[in-house]
Amino acid sequence: MHSPLQTQQPEQRCWPMTSTVSEIEEVLPDEDSDRTTLLNGEPLRRRVSGKSPVDEGPRRIFRQQSFGRDIGHAAAETYLITGLSFKLLRYLGVGYRWMTKLLALTCYAMLLMPGFLQVAYSYFFSKQVRRSIVYGDQPRNRLDLYLPSNNDGLKPVVVFVTGGAWIIGYKAWGSLLGMQLAERDIIVACLDYRNFPQGTISDMVTDASQGISFVCNNISAFGGDPNRIYLMGQSAGAHIAACALLEQATKELKGESISWTVSQIKAYFGLSGGYNLYKLVDHFHNRGLYRSIFLSIMEGEESFEKFSPEVRLKDPVVGKAASLLPPIILFHGSSDYSIPCDESKTFTDALQAVGAKAELVLYSGKTHTDLFLQDPLRGGKDELFDDIVSVIHAEDNDGLTKDSLAPPRKRLVPELLLKLAREISPF
């Protein structure tokens, strides 16, 4: 990679938290499981090799019950999202820009549909995907886990916060990344969180922080290494994750009660993120996310400073808390017009100015969707993917060896459709 940052092994281990354990047990058991852990007096199941024929009957019943729960949950979420969509339309009113974006988004999705269908099939039917694990008590406080196929030791973990303009984010948007990283022996936890108008930015940051806490305190029950947890966000998710990380560091500096610490995060990866709301509000307005909506999402202009990580670093207390942050690597395409790459440049400068370990990686000619969608769907070599994996496996010689021998990722969408999608992408 472009001189990847070296990270130190944190000394603090993650210990089990005491919430939503029954929900973990509902979704975790599979054909390769064994009772090994107790949280809050209830058994969890740790993934191990081997099967027990005696358990086949209960497992069959469980799978039937799990399918029923999935159907019920899907119906409930569909009803919820439909209602929120109509509420959002009332906020948006009639506007040329956002209607044009909606039409472009529809065409964009249709062009990439061959790849989306393949990913969706794996998402719903792969045994390596654990969907909708509850991590909190608020709506959409759920996460998806993408697990490697082998169980030879504890795996590094990526907590991923999806993008979606703070409005259309959903945990399944990270499914392609999750599946591809799982092929490299990396567990991925894709967080869902309340979007606008169901919640505003403070709700989103709270949800993300609670999801990170859940992973830190429970991932060992799923075969994850609690001392090798990486945080990643994309687009709006990068902004939300950065806010959560900086807020947690500030709380830690002040000695406040916390359920996870920034020292438990090995590194933060920010992909195509925006970190200064003052500079983004007019930019988004011109691209169809109208100023009135943006102000509603961000709880008014008076909250811009609080939710602008770049600006917050100017506060002496927050600047001091930045010394607690893990190494930060910001990735951005130089041709990103949705969120200009200057957002990552100036945030990197601000972090370095207060002594934080920060690095910027720019990809020449790449757009907002090239890095996260078109390139992964194209298959073969992918600079961003290789850069992320090289950091995660930097201290794992076996992992680096396996990476060098890994077969090229398969193409999911024909090149012609990818080029057309790039031209009409609304992002």
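In case you wondered, yes, glycine gets a Cβ from its N, Cα and C as well.
These come from Swiss-Prot:
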type: REGION; residues: 26-59; note: region 'Disordered'
type: TRANSMEM; residues: 102-122; note: transmembrane segment
type: TRANSMEM; residues: 157-177; note: transmembrane segment
type: BINDING; residues: Gly163, Gly164, Ala165, Gln234, Ser235, Ala236; note: substrate binding site
type: ACT_SITE; residues: Ser235; note: active site
type: ACT_SITE; residues: Asp336; note: active site
type: ACT_SITE; residues: His368; note: active site
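Mapped onto this structure are the features recorded in Swiss-Prot.
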residue	record	DSSP class
Gly163	substrate binding site	coil
Gln234	substrate binding site	strand
Asp336	active site	coil
His368	active site	coil
Check: same-chain CB within 8 A of substrate site center, minus Gly163, Gly164, Ala165, Gln234, Ser235, Ala236: Thr162, Trp166, Gly169, Gly237, Ala238
The one of Ala165, Ala236 whose CB sees the fewest other CB atoms within 10 Å, among these binding-site residues: Ala165
Other CB atoms, at most 10 A from the CB of Gly164 (substrate binding site): 16
His368 (active site) and Ser235 (substrate binding site), Cα-Cα, nearest whole angstrom: 8
Same-chain residues at least 6 apart in sequence whose Cβ lies under 8 Å from His368 (active site): Ser235, Ser272, Gly333, Asp336, Tyr337, Ser338, Ile339, Ser425, Phe427
Asp336 (active site): tally of other CB atoms within 10 A of its CB: 23
Cβ atoms near Gly163 (substrate binding site) (within 10 Å, other residues, all chains): 26
List of residues, in chain order, with Cβ under 8 A from that of Gln234 (substrate binding site) and at least 6 apart: Phe160, Val161, Thr162, Gly163, Gly174, Leu271, Ser272, Gly273, Phe372
